[in-house]
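Below: one structure, written as structure tokens.
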Amino acid sequence: MSTGLRVGFVGAGRMAEAIAQGLIRAGKVEAKQVLASAPTDRNLCHFRALGCQTTHSNQEVLQSCSLVIFATKPQVLPAVLKEVAPVVTAEHVLVSVAAGVSLSTLEELLPLNTRVLRVSPNLPCIVQEGAMVMARGHHAGSEEAKLLQNLLEACGQCEEVPEAYVDIHTGLSGSGVAFVCTFSEALAEGAIKMGMPSALAHRIAAQTLLGTAKLLQQEGQHPAQLRTDVLTPAGTTIYGLHALEQGGLRAATMSAVEAATCRAKELSRK
């Protein structure tokens, strides 16, 4: 546990709750050391259920906590940063999980020399299986990066990257959750079409994705190698793969990541 560390959340939506839950469950911080703010009680009730403190004042979070995670909607964040800027001190480490808001924008809206980091999380943080990347601003050093990485590993995998990779991560892993769910749904529906009950098909499809992901991680193999291990000459898998290639699955998936990344870059420019 990070002794004495108080962690604040400005914004109390699903991602903020997921990160807070991961930190508390992993014993990184005590629930009573977490303070979250939001305009209404709609989401704050989830933080209170975890044993955290809550407030409607964003400035109070900054005045009470040295590490503050901003988890507001991207379009709201600039106004929130201007609001809290007067109470930001040299003691603060400020972290943004807002998609499309660059480090340079964060630094422009905050006092000179503020230590700022940017994190791109994804929805599986809710079950502590997130895939996250983080990038640091000009004034955040290795100590701040290590502290944040240590905390966020309670929610899954977290790697430090150049900021240029953050928008790509959004396309690959942030939006990628929806792409994988679409594939899982399609897998199950194929089985339903062939006569399997819906609930059973969806359970098996999800477990197939989970097991395959674990194999890829634990074996350290390239996906093509694992795919080859499943193939037998004139067997069921090669017939199925042929159908996928005819349907353009590979190209469509690459285009989906490209489109989502380009949209993330577009939002960053705005």
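Every residue, even glycine, has its Cβ placed from backbone N, Cα and C.
Taking H, G and I as helix, E and B as strand and the rest as coil, DSSP gives the domain 'Pyrroline-5-carboxylate reductase catalytic N-terminal' (6-100) the counts 43 helix, 19 strand, 33 coil. Marked as domain 'Pyrroline-5-carboxylate reductase catalytic N-terminal' by TrEMBL: 6-100.
Here TrEMBL flags Asn58 as NADPH binding site. A 10 Å cutoff on Cβ-Cβ distances gives Asn58 (NADPH binding site) a total of 22 other Cβ atoms nearby, all chains included.
All chains included, 16 other C-beta atoms sit within 10 angstroms of the C-beta of Pro74 (NADP(+) binding site). The feature NADP(+) binding site is assigned by TrEMBL to Ala71, Thr72, Lys73, Pro74.
Taken residue by residue, the domain 'Pyrroline-5-carboxylate reductase dimerisation' (163-267) breaks down under DSSP into 90 helix, 0 strand, 15 coil. What TrEMBL lists as domain 'Pyrroline-5-carboxylate reductase dimerisation' is 163-267.
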Cβ-centroid neighbourhood (8 Å) of the NADP(+) site, Ala71, Thr72, Lys73, Pro74 excluded: Gly11, Gly13, Phe70, Gln75, Val76, Leu77, Val80, Val97, Ala98
Sequence-distant neighbours of Ala71 (NADP(+) binding site) in its chain (C-beta under 8 A, six or more apart): Phe9, Val10, Gly11, Ala12, Gly13, Met15, Ala16, Ile19, Val97, Ala98
Winner by Cβ contact number (other Cβ atoms within 10 Å) across the binding-site residues Thr72, Lys73: Thr72
Pairwise CA distance, Asn58 (NADPH binding site) versus Thr72 (NADP(+) binding site), rounded so that it is a whole Å: 11
